[in-house]
């Protein structure tokens, strides 16, 4: 009798996994009573049938709900919700594109991130809070956007409206900014069609970066910049189709171009200057031109392209940047193009040598 009781105690002993692991164990009734099965033996976890055991206590039902959502088992999710599982039960989880473990994750968020459209619809029908956030202010919409699940994004956008479209993470990132950063052109288009604000800006919390804030940026970051730095021309194309040329060049163009240069995105630089050549000699956050930025970050191919586009070499003494960053080839190219710059460099070098 003692052995039997011991076995039952072991059977119900909690097997808590870390947040990034799948809870593989389920409990089922069969002719032998309550048994434990390990779904890792299945060839495809998403096809694993889950027979929801509604006799479990509430905590175990929440775990089973989590597992059922991961396995995209709509019937199991519905059964669990009919009994003990709590619709807004939160848990800890690490999403694919997040570097830290997220707290306060809801079933709706998990289903949205995985792109399980039918489960998302079921949870919303049952009254799931579409505006719920994790501890870093991620919403279900943010998570669906980050994985490019267009059908789920459409469902959530329709249900959540403008309020959901304008919700931001702690870094100030809206769903549109997230889509632009990932380069999902069709999702960018969908969000704009639903009313997302193309003028929304992302900004870091300055209180956490007081000592470097003035160095890293003088601007908030736009959707145009996020798409440009990632090399996402298709997403940029969608964004540019929604604003006038003067507005883009006045409000977003310089930062987008300089961000593309900084990240070595030659194709984006070519794309932007094709129709916006007026940005060629614009000054970025540090007061330098794009061609000087190319030298600073070591992108010789971009430097050569801008040089061939006749970028002005005198605005911020491009030759000095070439010397400082030891770009010998660039020094030769600049002097070949404009030999007169050698005199200005000699004066600059002399001033440095006599400075106290």
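Here the Cβ of each residue, glycine as well, is placed from N, Cα and C on the backbone.
Lifted from TrEMBL, the feature list:
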| type | residues | note |
| --- | --- | --- |
| REPEAT | 103-135 | repeat 'ANK' |
| REPEAT | 136-160 | repeat 'ANK' |
| REPEAT | 171-203 | repeat 'ANK' |
| REPEAT | 252-274 | repeat 'ANK' |
| REPEAT | 286-318 | repeat 'ANK' |
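For the repeat 'ANK' (136-160), the model gives a mean pLDDT of 97.
For the repeat 'ANK' (252-274), residue counts in helix, strand and coil come to 20 helix, 0 strand, 3 coil, using DSSP. Among residues of the same chain six or more beyond the repeat 'ANK' (171-203), those with a C-beta under 8 A of the stretch's C-beta atoms are 139, 141-142, 145-146, 148, 150, 153-154, 157-158, 161-162, 164-165, 220-224, 226-227, 230-232, 234-235, 237-239, 242-243, 251. Mapped onto DSSP classes, the repeat 'ANK' (171-203) shows 17 helix, 1 strand, 15 coil.
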